[in-house]
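Trainee: Straight from Swiss-Prot, here's the annotation block:
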TRANSMEM  33-53  transmembrane segment
TRANSMEM  77-98  transmembrane segment
BINDING   HIS83, HIS182  heme b b562 binding site
BINDING   HIS97, HIS196  heme b b566 binding site
TRANSMEM  113-133  transmembrane segment
TRANSMEM  178-198  transmembrane segment
BINDING   HIS201  ubiquinone binding site
TRANSMEM  226-246  transmembrane segment
TRANSMEM  288-308  transmembrane segment
TRANSMEM  320-340  transmembrane segment
TRANSMEM  347-367  transmembrane segment
Amino acid sequence: MTNFRKTNPLMKIVNNAFIDLPAPSNISSWWNFGSLLGVCLILQILTGLFLAMHYTSDTTTACSSVAHICRDVNYGWIIRYMHANGASMFFVCLFMHVGRGLYYGSYTFLETWNIGMILLFTTMATAFMGYVLPWGQMSFWGATVITNLLSAIPYIGTNLVEWIWGGFSVDKATLTRFFAFHFILPFIITALAMVHLLFLHETGSNNPSGIPSDADKIPFHPYYTIKDILGMMLLILILMLLVLFTPDLLGDPDNYTPANPLNTPPHIKPEWYFLFAYAILRSIPKKLGGVLALVLSILILVLMPLLHKSKQWSMMFQPISQCLVWILVADLLTLTWIGGQPVEHPYIIIGQLASIMYFLIILVMMPVASTIENNLLKW
C-alpha cells in the first residue's frame, strides 16, 4: 500500500516541505531561526487574537482596555506579556536569520532573499503599529514622530501624513486604522512566509561551507525536526523567563501613562529593535536626509547580491570578511545603544560615526575585502 502522506494531495505538500525534504547534512544551528520565526508568528497570531477580543480601538478606552486585560481577564496578563515580549523574540530571531543569510551568502537565492526583505519590512510595519495600540505616552508620541517623517517627502508629504492620520493629528481615526492593519498584516506575513518557503525549496538550503551539497543530502525528518524542536523549546523557555520574571524589562515605563497630546515625554524612542535605525535617522540633521538614511539602512540589504564580489558563496573561508561582519555586528549594537540615549554630546558624534561606519562597511569595505581575498587565492 502506498504511503498516505505521499499520495494525499494536501499531505504531499507537507511531506515535501517538512518530512522527505532533502536537506544538507552539515547545516548548523544558524539554520534553526527559520522554524523559530514560524513559531513566533503562530504565537503572536494566537495571543494577538485573544487580546483583540478584549481590546477597544478608541482613544478614550484603549489604555484602560489594556489595563482591563491585565487585571480582569483570566490569564490576560500572561497573554499580553507573551504578545509584547514575543515581538522582541520575533525580532531577535529575525536579526539572527538575516545575519546568517549575510554571513553564509544566502542572498544569492534572489527570489527567497527579496521576499525575505518584503517580510522584514512588513514585520517592522506590523510591530510599529502594534506599539501604538496601548495608547500610552510613548505609543502616541512614537506614532506622531514616525508618521511625521513622511512629511519630508517633497510635494505630497504633508497630504500623505494627514491621509495616514485621518485628520490633522494622531487621533481616534489613526488608532482605529492602525488596529485594523495590525490585525490583518500577520496573515499577509503568513502568506508571504509560505511563498518564501516555496522559493527556498526550489533551490534547496544553503550550507555553512558554501559548497553545493547535492551529493550529500539527508531527509529533513527526523534529523532536523528534532533539532528544530530543541530550538523551539529553548525559545519558549527564554520567552517564558522574560514573561514571568521581568515582563517590563524591554518596555518603556512612559507607556503606562495614558497618552496626553499636551505633554511630551523627555525622550521619545521606539522599541529596542528599532533603535539602530532610529539612531541612523537622528544622526543626520536634515529631515529628508535622515528619512532617506533610515529607509536605506534596511533597503541596503536588497543590494547585497549586487555587492557580492567573492568567488566563494560563504564567508567560512574568508577571514577578512568575517572580521568585517563582526565589526558590523558591534557597530549595530553601538547604534542600538545610541538610539536609546538623549540627543546630546557625546552621543551625537558617536551616532554619526557609527552610522557612517555602517554604510561604509556594507557598501565599500566588504566588496573590497572580497576582492582582496580573491586575489590572495589567485582567483
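Placed from the backbone N, Cα and C atoms, the Cβ positions cover glycine too.
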Trainee: Determine whether the transmembrane segment (347-367) and the transmembrane segment (226-246) share at least three Cβ pairs under 8 Å, counting only pairs 6 or more apart in sequence.
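Mentor: Contact between the transmembrane segment (347-367) and the transmembrane segment (226-246): absent.
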Trainee: Do any residues of this chain, six or more beyond the ends of the transmembrane segment (226-246), have a C-beta under 8 angstroms from a C-beta of it, and if so which?
Mentor: 29, 32-33, 35-36, 39-40, 43, 78, 81-82, 85-86, 88-89, 93
Trainee: Flag the pair the transmembrane segment (288-308) / the transmembrane segment (33-53) as in contact if three or more Cβ pairs fall under 8 Å (sequence separation 6 or more).
Mentor: no
Trainee: On a C-alpha basis, identify the one among HIS83, HIS97, HIS182 that is nearest to HIS201 (ubiquinone binding site); the candidates are the binding-site residues.
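Mentor: Closest recorded candidate to HIS201 (ubiquinone binding site) by Cα: HIS97.
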Trainee: Would you mind pulling the DSSP three-state label for HIS182 (heme b b562 binding site)?
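Mentor: Its secondary structure by DSSP: helix.
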Trainee: Do you know offhand how many angstrom separate HIS83 (heme b b562 binding site) and HIS97 (heme b b566 binding site) by C-alpha?
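Mentor: Checking the Cα atoms of HIS83 (heme b b562 binding site) and HIS97 (heme b b566 binding site) gives a distance of 20 Å.
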Trainee: Should anything in the same chain at least six residues away from the transmembrane segment (33-53) have a Cβ under 8 Å from its Cβ atoms, list it; otherwise answer none.
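Mentor: Counting only partners 6 or more residues beyond its ends, the transmembrane segment (33-53) has Cβ contacts under 8 Å with 69, 79-80, 82-83, 86-87, 89-90, 93-94, 96-97, 100, 182-183, 186-187, 189-190, 193, 228, 231-232, 235-236, 239.
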Trainee: State the three-class DSSP label for HIS97 (heme b b566 binding site), counting H, G and I as helix, E and B as strand, and everything else as coil.
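Mentor: SS state of HIS97 (heme b b566 binding site) = helix.
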